[in-house]
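Student: According to TrEMBL, the protein carries these features:
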type	residues	note
ACT_SITE	C547	active site, nucleophile
BINDING	C324, A325, A326, P327, G328, G329, K330, D348, D375, D496	S-adenosyl-L-methionine binding site
DOMAIN	228-628	domain 'SAM-dependent MTase RsmB/NOP-type'
Amino acid sequence: MKRVKALLHQAFKMDHSERYAYNPTLHWNPRVEDYFIKAYGADRFSNISEALTRPSCYSCIRVNTLKTTSDAIVEKLLAFLQEARHQCDIDELNIRSNSSCAAMIRDARQGSYFDELKCHQVSNDCEGEPLEFSLGKDVPNASSLVTKCQLPGLDYVLFVKGSGPHKITYVDTPSLKEVIVSRKCAEAVLRGAKIFVPGVLACSAHVEKGDTIAVSVAIEQPNLDKGWAVGITRGTILQGHQTGKKCIIAERSGLYIGQGIAMMSRAGMFRVSEGVAIEMINRVFDLPSFNDVLEGEIFLQNLPSIITAHVLAPQKGERILDMCAAPGGKTTAIANLMKDEGEVVAVDRSHNKVLEIKKLAKEMGLSCISAFKLDALKAVCRRNGLTDTFNQQCENGGLAMAIVVNLQVVRHNREDEDERPYETLLMPLLLIRFTHRCYEHDQTFDNEETNQMLDVNEWKNTQRLKNGRGRSQRMGGRVELSKGFSPNSFDRVLLDAPCSALGLRPRLFAGEETVESLRNHGKYQRKMFDQAIQLVRPGGVIVYSTCTINPGENEALVRYALDRYNFLSLAPQIPRIGGPGIVGCRDSLDGQSVEEWLRPGEEELVQRFDPSSPIDTIGFFIAKFNVGQKDI
């Protein structure tokens, strides 16, 4: 109750500019925050946290040079942006027919992406100087919306300029109509997306199509269970700030992301399951959207991810493994650098993500990519396969047990439970081997445990027919399963490891990551790296990367790799535009031990991309290892 009263007091005390501003504060788990402050220092971590709440002031596009040229894409993008502006004006006039409304929209658009061409630094100063890289003026300046990167070898990378943060004038009356969207929806909107129906949580009463709407975001707040919750039920009616749930108003103060036009009524937003709910006309950050634009010719990709493919330095004719390849951005970047000559093997544990990789490769006209479903933790094939294990168990007389054990193996190796039941995949093989062994060993088939397994299999098949096809089958297409790869069978391996993703931006909430979850990420990444070590040949290369700011997943992994495998050495990276790594050690996340990072001299051999630096990228980390003669 005290907290609610404090929020109400805050809501009525603040003036108009404070309430309808965009000034988010990133909330962290207290123990995680303390760890990061010790790693970075209080001031630097504060700057990083602030930068994470805002998008980069430009979009980075990789051109598929096997299909087109950078100059041709520049012309197409400029034409697209001009047409988008023209179409936007037409749509607004169709929705709002009277001249006063049209004038209001034009006033609101002053200083938007199309009118204000000042790219600013993360200091949030809209009047700041154009952003420059340390190696040249590579980010779009005020004279051009689309420019080519000037770094050597990266002229196929284009920067499309955005703008913001913008001051937006909201009409402050009790009748102001508002919409509250989910955090994930808001993060997408800040990157240029529209507001779709599933993202709407709450809406003012009596909203009709064509109404001007103020858009704010619901951020998770601490609750009584010492956890985090939004506290808004989808479909909640907002009554303005004089009545209704005033605590909700207080919690979203300073979290207004722009103004839009309702594309459907309030009833429609909560009745239908898809469609555009709000068309944004005035955004705090204005970045162009390239969804479904020039498919196969361009790929929207963060600059550090493009740099990662270059650091790997793939050569024509080599065999390269991308261990965690989805959605395929780095995979296709590698194939492009190889001029589609060689073999790029892409694996992912998700059926549907493998389909996405295959689809992207086809769109880009890349034939050297092979995509498989495989858990990267099981990337090294076992010497004795499933069939051999079954034969050995049968020879020992454990026929029913052989079936049970092998079913458990399949169950353990499968990740998508929406696919065919594991028994249906294995049972034909087992029955063939089973009857063959029965004949050889003169054993009968009426084992009670075996019959129970067959009954279960029959029941699951019946359930599958009753419930319809699984999600993976609805997506269309099938993917090839891989049993893993032979040791020393790849020239280069890219491990863009699953991580806490604490470098992605814009990010409006970070409290879900705990000490335990961050520690588990580190353990998981070490196991994957151990697999990569076995797969790369002596004399080969491993590149490890993450999109997190957590030293425990970055520098600590490097320390682990160098200390455990004496045949590994850090290699120089080209190009190098990121900053140095972190040297030293700190108390580990659990506080029970010391976590070692880089040693003096190693910091310049890795690249750490700081989201608060002038480069204005996501938080990212890259380490490159040369592999010597193995002793494992």
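Every residue gets a Cβ built from N, Cα and C, even glycine.
TrEMBL does not curate its annotations; it predicts them automatically.
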Student: Which chain-mates of G328 (S-adenosyl-L-methionine binding site) that are at least 6 residues away have a CB under 8 A from its CB, listed by sequence?
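Tutor: When sequence neighbours closer than 6 are ignored, G328 (S-adenosyl-L-methionine binding site) has A346, E356, I357, L360, A361, A371 within Cβ distance under 8 Å.
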Student: With every protein chain in view, what's the tally of Cβ atoms within 10 Å of the Cβ of C324 (S-adenosyl-L-methionine binding site), excluding that atom itself?
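Tutor: C324 (S-adenosyl-L-methionine binding site) is surrounded by 21 other Cβ atoms within 10 Å.
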Student: Near the Cβ of A326 (S-adenosyl-L-methionine binding site), how many other Cβ atoms are there if near means within 10 Å?
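Tutor: By my count, 23.
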Student: Rounded to an integer, what is the Cα-Cα distance in Å between C547 (active site, nucleophile) and K330 (S-adenosyl-L-methionine binding site)?
Tutor: 13
Student: 10 Å Cβ neighbour count around the residue listed as 'active site, nucleophile'?
Tutor: 23
Student: Just to be sure I understand the packing, how many Cβ atoms besides its own are within 10 Å of the Cβ of D375 (S-adenosyl-L-methionine binding site)?
Tutor: 19
